[in-house]
Structure formats: C-alpha cells, structure tokens
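Some features that Swiss-Prot has for this protein:
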BINDING   167-222  ATP binding site
BINDING   Asp293, Glu306  Mg(2+) 1 binding site
BINDING   Glu306, Asn308  Mg(2+) 2 binding site
DOMAIN    134-339  domain 'ATP-grasp'
Amino acid sequence: MTKENICIVFGGKSAEHEVSILTAQNVLNAIDKDKYHVDIIYITNDGDWRKQNNITTEIKSTDELHLENGEALEISQLLKESSSGQPYDAVFPLLHGPNGEDGTIQGLFEVLDVPYVGNGVLSAASSMDKLVMKQLFEHRGLPQLPYISFLRSEYEKYEHNILKLVNDKLNYPVFVKPANLGSSIGISKCSNEVELKEGIKEAFQFDRKLVIEQGVNAREIEVAVLGNDYPEATWPGEVVKDVAFYDYKSKYKDGKVQLQIPADLDEDVQLTLRNMALEAFKATDCSGLVRADFFVTEDNQIYINETNAMPGFTAFSMYPKLWENMGLSYPELITKLIELAKERHQDKQKNKYKID
C-alpha cells in the first residue's frame, strides 16, 4: 500500500513551545505509520525551521524533538515535497499560541496551497483573540459572563479610570487574561484591587491587549467538536480541579486536575451544551477541530467561556478523551483529522481564481 505523506509541524516562537513539543511526541507515537510516511518540522524558539525525515520509531522523550542542530532551511523548501519525493497530502500543525494557532501559519499554508489539519485563517485568528471571539459569540446570542477589554497603551494613560471601570462593572473575583494566548499562561485570578494591578502587569507581559472577566462559582465543562461543514459534538466532560485555578502548571506539570467523562449533568443540560458548542463552532467559521469551554452554575445556568482552535492534544488531554468516550480512539482521531484536512482542501479547489 502506498503511504500518504504527512508533515507534522511543532515547537514555535511562543510561550507554549514546550506544550507543542509534548503534543508532537504523543501524536508521533500514535499516528498510523503503516498508513502515513511522516516527516517532522521543528520550529525553534528563535523561529528557525528544522526538518527530520521519515519518523518510524517511538519518541521516548521530548528531548528527541528539540532539533536545535542542523541548518535552518527556507520554509518553501521544507514544505515543497516530502522525503519520499512526493507532495505532502497534508500538514498537521501542532502549534499553540501566537504564530501557531492565530491564523498566521494557516495563512502560509494557504499561500503554499498545502492541505492542513485544523482551522483556517479567520477561525484560528478569531478563536485566538478572546475579545473578537466574545464579540462573535455575542452576535450569535450565546450567553457569556460580563467582561471588559483594553490595550496596554490605554492602561498606561488611563490606569485610574480603567481600574474604576473594573470595580464598577465587575465583582471580585475576576480573571485577567492576555487576549491572545492559551494554556492559561499569563492568566491571574484576582480577589481585590491589589491583586488586580499585579494581574494586569503579568498579563501585559504577554500581549498588548487583555480581557478581564467576571468570576463565577461554577463547574468547568468542555465539549469537543469535529468536522467541517457538518460538525459533530461529543457529550460534555468536566475539569475536576484540586486547585483554585486551572493554570498552566496544574494543566501540564502537577497532575492536580482530573477529567470526568462524561460529566455528571442532567441530559437536557448536556444536550444544550452540545448544541451551544456547535453554534460556537459555526460562529467562528471553524473547521477540523475545536474544544468549546463552558461554565455551568449550581442552578444549571450555562455561560460559554471560549473556543480553542488547537486544544490540548496529548493522549491524556480532554479533547481526545472526549472522542475516545464516543468510540473514536486517539489514532483514529488523528486519521480523521487528516481526512478532514484533505476534504476541505479538495472543496477549495472548486473555487474559481480567474475570470474567463
């Protein structure tokens, strides 16, 4: 059987660099190597692109994926053809954060006309920018918690007024978030104005724009969505925390988080969550995969928190686990995403790019 040619891209110039490498290790060890000829491209923290061809063995440590040595090649050379000498059937970007899931690298793949897994330019960019995402949800009529947003330059000029606005409009605790970052990096839970100032200072280290959201005493529920024009959603899962806040450290290092799949919710609430996840997917014109995150209060009030265009994708992450609960294994999910990438690219070929 002739193998399909796949290129996995990971690393990246982002604070989520190490998360991306961990994800790549998991995917490389699970992908069907009888079906796919797999090359990898590692993007260093400095932005250099380094390639390794034909991965056939188990990756036992993320250290094996730090391809720091070797010549940094031109991007167009790297993606022109696979090490088998044939064009790539699909590129699988496993990049998190800015320069990875914000539409920038998706734009590169579009220009090079390469099929790629996951969301397109618009959906990736709008899902990454928390303010734009919230505005799209609002337009779609999806319920959200109160929030405000402002720029670093505005805060430097109008700090007193902005702090007053937060105190007038929101109740503590509040969450301060960089607008364009994931994996809970740069996010702070603030219970008073002193903590608020520190949280703002922390968030502005990662982005020029931030969002401050009203805190709520609620369960954190997540739904996985898969597909292109006709997506499907899983039954919800719950993030059960042994910490006050589900931050980067508790997500990836401490093991203080457990996933309950499916979540213990009334069936009508679960159905509402599935439908809202599909609405959120459509609101940002997504394709491939999305994880929709919600808050559910004790009296079953539902608020959408965000969509994640490149959700955590290790074997133990919520997104693959939700699909595993639906009967789709991790290796099968990887194959399905590659098929969806090819399907979307084939559909794009129906477009006309010149007028006769």
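For all residues, glycine too, the Cβ spot is worked out from N, Cα and C.
Predicted, not measured: the structure shown is a model, and the values here were computed from it.
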In terms of DSSP three-state secondary structure, what is the assignment for Val216 (ATP binding site)? coil
Indicate whether Asn308 (Mg(2+) 2 binding site) is helix, strand or coil by DSSP. strand
Cβ packing number for Asp293 (Mg(2+) 1 binding site), 10 Å threshold: 19
Nearest to Asp293 (Mg(2+) 1 binding site) by C-alpha distance, among the binding-site residues Leu181, Ser188, Lys209, is Leu181
Taking only the Cα atoms, work out how far Glu202 (ATP binding site) lies from Glu306 (Mg(2+) 1 binding site), in Å, as a whole number. 21
For Leu181 (ATP binding site) and Asn308 (Mg(2+) 2 binding site), determine the Cα separation and express it in whole Å. 10
Note: among binding-site residues Asn167, Ser188, Asn308, least Cβ-dense neighbourhood at 10 Å is Asn167
Within 10 A of the CB of Val174 (ATP binding site), the number of other CB atoms across every chain shown is 26
Long-range same-chain neighbours of Glu306 (Mg(2+) 1 binding site), Cβ under 8 Å, sequence gap at least 6? Ser127, Lys130, Met133, Ala292, Asp293
Tell me, roughly as an integer, the mean pLDDT over the domain 'ATP-grasp' (134-339). 92
